[in-house]
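Step one of this worksheet: look at the structure below.
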Amino acid sequence: MLNQKIQNPNPDELMIEIDLCYELDPYELKLDEMIEAEPEPEMIEGLPASDALTPADRYLELFEHVQSAKIFPDSKTFPDCAPKMDPLDILIRYRKVRRHRDFDLRQFVENHFWLPEVYSSEYVSNPENSLKEHIDQLWPVLTREPQDHIPWSSLLALPQSYIVPGGRFSETYYWDSYFTMLGLAESGREDLLKCMADNFAWMIENYGHIPNGNRTYYLSRSQPPVFALMVELFEEDGVRGARRYLDHLKMEYAFWMDGAESLIPNQAYRHVVRMPDGSLLNRYWDDRDTPRDESWLEDVETAKHSGRPPNEVYRDLRAGAASGWDYSSRWLRDAGRLASIRTTQFIPIDLNAFLFKLESAIANISALKGDKETETLFRQKANARRDAVNRYLWDDENGIYRDYDWRREQLALFSAAAIVPLYVGMASHEQADRLGDAVRNRLLTPGGILATEYETGEQWDKPNGWAPLQWMAIQGFKMYGDDHLGDEIAHSWLQTVNLFYQQHHKLIEKYHIAGGTPREGGGGEYPLQDGFGWTNGVVRRLISLYGEP
């Protein structure tokens with residue numbers, strides 16, 4: 001698809017006094033109606049049994065003690081530890097000694113668990129290297145080899161090598177990997193592309209979907225569904241033929257559409273919402289409604305300040321993580337307050353564009369295999385989704401795509417997610433032209449395009465720019481003939497990354513691009529991470545198209 005033109009269109013301990021009271025939104029379903037509208041999901045088909053327990057499930061009160069005591073600066077550290085013995089024995093020992101006067105929780109953890117390996121300190125960048133050389137030399141540093149599953153570890157073993165983003169992220173991530181893959185072929189690493197293709201197909205076969213990442217605590221959710229884009233990339237770069245992945249694409253589609261057939265208008269189940277007119281659109285979802293293992297304390301604190309039932313807040317926080325945009329004003333009712341998060345009440349433009357791509361890919365590959373019936377069915381599904389998106393998510397007055405608040409039945413915020421319909425070929429030429437004007441006027445800066453127009457302190461908001469958004473905007477506008485805007489974003493982003501690299505000799509997760517010299521992007525629940533997989537991948541691909549800045 002690259003550069004192609006589109007031709008056709010203990011609870012008491014957790015309580016604090018707050019000055020907020022929970023007022024039921026008149027557009028929200030009341031609790032008794034909520035139970036009917038959002039029935040409890042069944043266990044995900046294919047989910048492995050005991051060895052897929054999350055650390056919170058496995059260590060119970062020990063887990064909560066460790067996380068609430070903050071013995072590690074990062075909430076993700078303990079979930080990533082591996083036990084040195086049977087977890088049940090550890091839990092029994094903990095229950096025997098925890099009330100001793102001289103009990104040391106940190107020492108107990110260090111005696112009974114292997115702490116996560118730290119890889120970043122092993123690599124020192126050569127300041128003489130060009131940006132391209134730096135990226136090419138980083139791939140081995142970010143590569144993890146297949147390993148036997150450490151008993152009771154949260155890490156899910158994969159059959160082949162894979163790339164991790166870097167920093168605190170020592171596992172592979174679903175949608176990150178697509179943007180990382182963009183650069184692997186340019187660096188001559190088709191071997192890694194093949195490995196990652198096999199890994200994602202394997203996860204679909206074994207779990208029925210691609211999890212957020214290869215950790216047990218990520219199994220209850222996915223991320224933006226980009227496997228169809230990966231398949232397209234594999235074929236373009238001569239890695240694998242698309243036909244071999246048709247069954248995997250269908251399995252992923254079934255995961256995202258689970259329960260759709262039984263819904264009546266204005267009902268939702270898992271990822272699916274049936275709209276008032278009967279059409280189907282999708283939202284982000286997580287099958288759990290507990291604090292995230294990897295951000296347990298942060299989630300508990302957020303829920304305490306919400307004034308809402310904690311399980312609702314936890315579900316929305318988890319769904320926000322599934323979106324990849326964790327977190328953003330896109331999911332907040334009060335843009336300055338994370339506790340107002342309502343992710344499951346929004347129908348996101350990017351998610352539905354990615355699913356349009358998935359439906360189209362299934363139709364196209366079915367046609368290649370001579371399966372006319374499946375081709376016709378999925379072509380109809382894709383067209384129906386596009387019609388529903390145009391009906392509910394297209395703001396004709398302002399010429400932009402926006403998320404849709406299905407509980408309040410109104411359009412939500414404008415963000416850079418609006419460019420995804422262009423990237424997947426779902427927009428008309430008129431929509432692309434009008435969206436281009438809006439992006440120029442509202443999101444474009446000398447350093448690239450902003451995630452949103454709103455400065456909230458969340459990392460997926462102004463003033464931050466992110467590599468995947470730049471790539472989809474560049475390619476999306478160029479595919480619709482707006483080479484000028486696409487090239488401007490490309491040169492601006494390359495300049496941003498290169499200026500920062502010349503000063504600091506590293507690439508990072510996100511950049512502050514709202515004026516002045518590019519610097520580290522802020523916000524989020526964890527310190528800025530360097531490495532960084534998808535920045536490397538996008539920049540390496542752009543260097544091949546535009547040359548080094």
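From the backbone N, Cα and C atoms, a Cβ is placed for every residue, glycine too.
For Arg168, Trp175, Asp176, Asn212, Arg221, Ser222, Gln223, Arg292, Asp293, Glu294, Gly324, Glu525, the entry in Swiss-Prot reads substrate binding site. Residues or ranges marked as active site, proton donor/acceptor in Swiss-Prot (evidence: sequence analysis): Asp326, Glu509.
Feature map: Swiss-Prot annotations on the structure.
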residue : record                             : DSSP (3 states)
Arg168  : substrate binding site             : coil
Asp176  : substrate binding site             : helix
Arg221  : substrate binding site             : coil
Asp293  : substrate binding site             : helix
Gly324  : substrate binding site             : coil
Glu509  : active site, proton donor/acceptor : coil
Can you tell me how many other Cβ atoms are located within 10 Å of the Cβ belonging to Asp326 (active site, proton donor/acceptor)?
21
To see if you understand the setup: which same-chain residues, six or more apart in sequence, place their Cβ under 8 Å from that of Gln223 (substrate binding site)?
Tyr173, Tyr174, Trp175, Ile210, Asn212, Ala322, Ser323, Gly324
Taking only the Cα atoms, work out how far Asp293 (substrate binding site) lies from Asp326 (active site, proton donor/acceptor), in Å, as a whole number.
15
Look at the binding-site residues Arg168, Arg221 and tell me which residue has the greatest number of other C-beta atoms within 10 angstroms of its C-beta.
Arg221
How many whole Å apart are the CA atoms of Arg168 (substrate binding site) and Asp326 (active site, proton donor/acceptor)?
16
Sort the recorded positions Asp176, Arg221, Asp326 by C-alpha distance from Glu509 (active site, proton donor/acceptor) and give me just the closest.
Asp176
How many whole Å apart are the CA atoms of Asp326 (active site, proton donor/acceptor) and Asp176 (substrate binding site)?
13
Tell me the Cβ contacts of Asp176 (substrate binding site) under 8 Å, same chain only and six or more apart in sequence, or just say none.
Pro165, Gly533, Trp534
